[in-house]
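Peer 1: This structure is in structure tokens; I'll ask about it shortly.
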Amino acid sequence: MCGINTEEETKIPWGWKAPWKRNNTQISSEDWKQRLPQSIIIGVRKGGTRALLEMLSLHPQVAAAHSEVHFFNVEENYRKGLGWYSQQMPISHPTQITVEKTPGYFSSLKAPERIHAMDNSMKLLLIVRDPVERLVSDYTQILHNRKARHKPYQALEQILLRQGQELNTRYKAMQRSLYALHLARWLEFFPRSQIHVVDGGTLIREPLSEMRHVEHFLGLEPYLGPDNFYFNQTKGFYCLQAKGYQHCLDQSKGRPHPTVDEVLLEQLCTYFSEHNENFFAMVGRTFNWC
Ligand SMILES: Nc1ncnc2c1ncn2[C@@H]1O[C@H](COP(=O)(O)OS(=O)(=O)O)[C@@H](OP(=O)(O)O)[C@H]1O
């Protein structure tokens, strides 16, 4: 049910491959090569990682890997070594920073140490979202995949309240919403100043304000502006535009969530509240979560 979950999006080719970046004839061709990332979006899964990567990719100083690489969290990939990893990266110019996103890194036990061993100056981006909403979003994706494969599925209430009224806290999607637990492992290896936390809720409602913080954290020149975002009524989300090109995230983003029992939602909020408080203390800010 869980595992790597490479999901639909990793199979979809990047049809919208930053077309406005292609015509830079002043830069000599030998400067263009694949480089290891200087920044990684480590998660959280269903937090808005794809939106963050695509918005970042609008910036001319950013070269983004289109597919999730799963290098530091999947043994089979990690064994292939850094040479393989760099081959998964886009061609970039020295004036650009390379960015990859793999949401599975955040909850991986080994990723923090491995990334630190590769580059202890790595700039980490973590996008978070209300843990209950994230859980429902995660469940929605799992449900979608199971239905698509004609596999049996259960309602979230059945999964989470399996033992009568006790919450099944061992459910993987529950575990992934325990942000403080996972962040603690990253802070063993990286100073807080190297981890920028993006508010996934704000990124949905006001993408530009969140992206300005991200530009600043990455040391990029301020570039993104209001013209890069337009609200798409049909999609119900902001979509992106640059130099005449427009792009919305694919249909695996913004799927309708199933209705979840109110009592269960209350139970979940109560369960996560202590973990959320710990997370707020660790990152030095609060979020308007349930
Ligand atoms: N602009 C825009 N367009 C579409 N979707 C947006 C956008 N900004 C944020 N989001 C939210 O991103 C959620 C998916 O998160 P991820 O991309 O991290 O998912 S994944 O882990 O890579 O599968 C996805 O969650 P769901 O709504 O539950 O599908 C969206 O709420």
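Just so you know, glycine gets a Cβ as well, placed from its N, Cα and C.
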Peer 1: In TrEMBL, Cys239 is paired in a disulfide bond with which of Cys248, Cys269?
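Peer 2: Partner cysteine, according to TrEMBL: Cys248.
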Peer 1: Return one of helix, strand or coil for Cys239 (disulfide bond), based on DSSP.
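Peer 2: Cys239 (disulfide bond) sits in a strand per DSSP.
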Peer 1: Which one is it, among the recorded positions Lys46, Cys239, Cys248, that lies nearest to Arg255 (3'-phosphoadenylyl sulfate binding site) by Cα separation?
Peer 2: Lys46
Peer 1: Out of Arg50, Lys253, His257, which of these binding-site residues shows the lowest number of other CB atoms within 10 Å of its CB?
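Peer 2: With the binding-site residues Arg50, Lys253, His257, fewest surrounding Cβ atoms within 10 Å: His257.
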Peer 1: State, in Å as a whole number, the widest CA to CA span among the 3'-phosphoadenylyl sulfate-binding residues Lys46, Gly47, Gly48, Thr49, Arg50, Arg129, Ser137, Tyr238, Lys253, Gly254, Arg255, Pro256, His257 given in the record.
Peer 2: 18
Peer 1: For Cys239 (disulfide bond), just count the other CB atoms lying within 10 A of its CB, please.
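Peer 2: So the number of other Cβ atoms within 10 Å of Cys239 (disulfide bond) is 18.
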Peer 1: Cα within 10 Å of Ser137 (3'-phosphoadenylyl sulfate binding site): which of the recorded positions Lys46, Cys239, Cys248 qualify?
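Peer 2: Those close enough are Lys46.
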